[in-house]
Amino acid sequence: LAQSLLALFASSLAISLVFAIIPLCHNVVVLAVVMAVAGLAMGCIDTISNMQLVKIYQKDSAIFLQALHFFVGFGALLSPLIADPFLSDTNCILANGTANASSNLPHIRKSLVPHHPGNLSHYDLPMKGMVVTRVSYAFWIMALINLPVPIAVFFLLYKERMVPCFNGSSHPLLSADELALETRPGDKDELSTAGQRPRAAAGHEDLFSCCQSKNFQGVSFTYFAVHITGALVLFMTDGIVGEYSGFVYSYAVEEPLAVVHKVAGYLPSLFWGFITLGRLISIPVSYRMKPATMVFINVVGVLLTFLLLLLFSSSVLFLFVGTASLGLFLSSAFPSMLAYTEDILQYKGCATTVLVTGAGIGEMVLQLLVGSIIHDRGSYSFLVCGMIFGCLAFTFYALLVFFHRMYPKPCPELDEASPDKAAVPEDTGQYQR
C-alpha cells in the first residue's frame, strides 16, 4: 500500500509539472521527452488505481471501478472545454500568408478532437513569424487543477504514517473503513493469529509480487488463458475507443456523407459525452448486474452498432445515433472486464496490470493501423475495421467465458500443497461482510 501511494504521489505530481513545462518547450525533442514522462505517469496512475480498488474492495470493486472510470470519461470530456477558450480564432503565427491561411483554422480546431488529432496534412499554414497564442494558459490551468491530487495523496500518506519524516500521532484513515485491507487495532485480540497473518500480508505485499516466478509454479494453463483473453478483449474495445474518436470526424467530412466541418466536430464530443453518461449509469447498474453480463452486453452492443452503421452508412442522422450508441456500449467495458477477470482469479490484483497494459497497447496500435488503412483504402474502411474489431472482441470474450468454465474453483478444503493453490490466494473473500 505504501509503495502504491508513493507511486501515485510521484506520478500525479509529475503530471502537474509536465503540464506547466509543456508551453516552455521550444524544441520538438524536448517536447517528446516531456510527453513521454506524462504518458509514463498516467500509465502508473491508471494501473495502480485500478489494482488497489480491486484489492481493497474485492467483490464490491465493480461499483468502485465504474465510478473511477466515470471520472476518466468526465475528464476526457471536460479538458477540451477548458482548452477551447484559449485556442486562437486566427492563425497563431503572423506572417505574409496569414490572411489566406486563417480560413483553415476552424477546420483544424475541429480536427483536434480529444486525445487524437485528425488528418491535418492537407492544410497549409505559415511556420515562421511572430507567435501570438494564449494556449499556454490552458496547460497552466490544467496543471493547477491537477495539483490538489498529489496534495490529497500526500495527506493520505501522512495520515497512514507512511511518510518517514512525518510520523505524527494522527490516527490512520483506513482503519475506520470496514472494507479496507488494514485490520482495526481493537479487533486484533478477537481474531486468531492464523487468520490475521494472511490479511496483513495481503495489504502489504510487494508491488511486484505478481511477477515472481514462484507464484506461477503448478498453476493450470487456464490461469494464463484468462489473463490473455481478458487483455485481448480490452485490446479491441479500448482500441475501438481510440480509433473511433480519432477518425469519426475525418470519416464524416468525406464522401458520401460530406458533413460540414462544424457539424462533424460535434461527433467526438458526442462520443465522449455518452461514454461518460454510460459510466455514470453503470455505477448503480453494476450493483445489480454481474460483470460478466455487463461485458456481454458491451461487446454485443458494439457489434450490432457497427453492423447498423455499415447498413446505414449513407445516413448522417444514423451516424450521430450510432456514435452515441457506440459510446454508451463501450463505456463500461473496461471496468466491467477488470471486475470480471479479477473475480475469476480471486482478486489477486495481477490481472489488472495485464489488462491495463493490453488496453493501452490496443488504443495505440489500432489507431495507427486504422489510420494507415483509411489512407490507402478510403474512409469507408473506417467502419469495416470497427466491425472486424467488434467481431474479434466478441470472439475473445467467448473464449474468456470458456476458460472461466474450465478454471478450477476455489475450495476451502484445498491442501496447502495443491498446484492450483498458487493461483488462489488464502484471503479469498475475507473482507466481505
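Including glycine, each Cβ sits where the backbone N, Cα and C put it.
Caution: TrEMBL annotation is automatic and unverified by curators.
Features of the protein shown, as given by TrEMBL:
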{"type": "TRANSMEM", "residues": "30-49", "note": "transmembrane segment"}
{"type": "TRANSMEM", "residues": "61-82", "note": "transmembrane segment"}
{"type": "TRANSMEM", "residues": "137-158", "note": "transmembrane segment"}
{"type": "TRANSMEM", "residues": "221-241", "note": "transmembrane segment"}
{"type": "TRANSMEM", "residues": "263-281", "note": "transmembrane segment"}
{"type": "TRANSMEM", "residues": "293-312", "note": "transmembrane segment"}
{"type": "TRANSMEM", "residues": "318-340", "note": "transmembrane segment"}
{"type": "TRANSMEM", "residues": "352-374", "note": "transmembrane segment"}
{"type": "TRANSMEM", "residues": "380-403", "note": "transmembrane segment"}
{"type": "REGION", "residues": "414-433", "note": "region 'Disordered'"}
Given a Cβ distance threshold of under 8 angstroms, which distant residues of the chain, six or more beyond its ends, lie next to the transmembrane segment (221-241)?
275, 295, 298-299, 302, 326, 330, 333-334, 337, 340-341, 344-345, 350-351, 354-355, 357-363, 365-367, 386, 389-390, 392-393, 396-397, 399-400, 403-404, 406-408, 420, 423
Give the one range among 30-49, 61-82, 293-312, 318-340, 380-403 whose Cβ atoms make the most pairs under 8 Å with those of the transmembrane segment (263-281).
318-340
Using a Cβ-Cβ cut-off of under 8 Å, list the residues of the same chain that are 6+ residues beyond the ends of the transmembrane segment (30-49) and lie near it.
4, 7-8, 10-12, 14-15, 18-19, 21-22, 68, 352-353, 356-357, 360
State the residues, same chain only, that lie 6 or more residues beyond the ends of the transmembrane segment (380-403) and have a CB under 8 A from a CB inside it; answer 'none' if no residue qualifies.
222, 225-226, 229-230, 232-233, 236-237, 239-240, 243-244, 247-248, 250-251, 292, 295-296, 299-300, 302-303, 305-307, 309-310, 313, 340-341, 366, 369-370, 373-374
Below 8 angstroms Cβ to Cβ, which residues of this chain, lying six or more residues outside the transmembrane segment (61-82), approach it?
49-50, 53-54, 113-115, 138, 141-142, 145, 269, 272-273, 275-276, 278-280, 282-283, 285-287, 291, 331-332, 334-336, 338-339, 342, 347
